[in-house]
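A.B. asks: What follows is a structure written as structure tokens; I'll ask about it next.
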């Protein structure tokens, strides 16, 4: 993401002009735009024209509109963002108050104005415009007949390809059908890797599977690379890291990122940091339950006691339609930072973010036990009974 201009007043009202450069920038933009904001961008509008003879025709024109945002729609697989709202500035093609949907496009700038820019949104702009935040990890999670090729960016896990091939069982005295199907499966996975992984950007490609599938696949891939003189694969061989996974399903990616070998290799990535923080929370919940809580009320009480060491919070909560609720989460983040706590904002498009979402989207690891919080938890559960 490129920051073109930033005009924010002391009262935190103002506007920023940005240019999305990568597909992931659309995800960042989705987290920036909120209902009630005003968005100015170039768009296509179908307009009706009347000729001198009175015949009516229609054609599409490119124009710049400023909308008051009413609805936001994000397609995570295509990384497309559509913003619907009413026109609030005079335009020769569109009446004031008329509805329009802008589809934000890569490499076309837009200007976003807000009455209140909060700290979480401003921090996201800083991160989005930091060139170090790029998709530098890829993963192939596989089992016999099933593979997912994923890109792990700082903000999301993108499934770029799913490969499924029916592998017949080995039969006594006749393994040829099984072997042919397995070779066809491996070949399709190799093609998906070459199609979807940019070796100039990606620093590490994780190949994860149960059993010996990963070893057999990598042997096949590099034998074929030698045969066909595939320089790209051969030159990047050192980037491939083989690790264990319980299955070829996407959810196995979390356990892969928890693997100590992987964690040390990816120690500088945000995704690995999120996975470790969630893992630490679960361990604390198991061994010292007085120092691990989830749910907004419990976490707010822990914060009042200045007890929060690490706050885990889903970015989904900052997209809440209710301004008061959204502000409550922002205040919690600001307060934890002011009290020297660490804040981890999880992407809801990461596997770890999905898991945090199942724990209400907000959790905390405490510096010291707060037994009264456990008592309150017991009281509330007995009241429910």
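Note that Cβ sites are derived from N, Cα and C of the backbone, with glycine treated the same way.
Since we're looking at a predicted model, the values are computed, not measured.
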A.B. asks: Out of 52, 58, 374, which one does Swiss-Prot list as phosphoserine?
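C.D. replies: Comparing 52, 58, 374 with the record, Swiss-Prot tags 374 as phosphoserine.
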A.B. asks: Helix, strand or coil at residue 162 (SUMO2 cross-link), per DSSP?
C.D. replies: strand
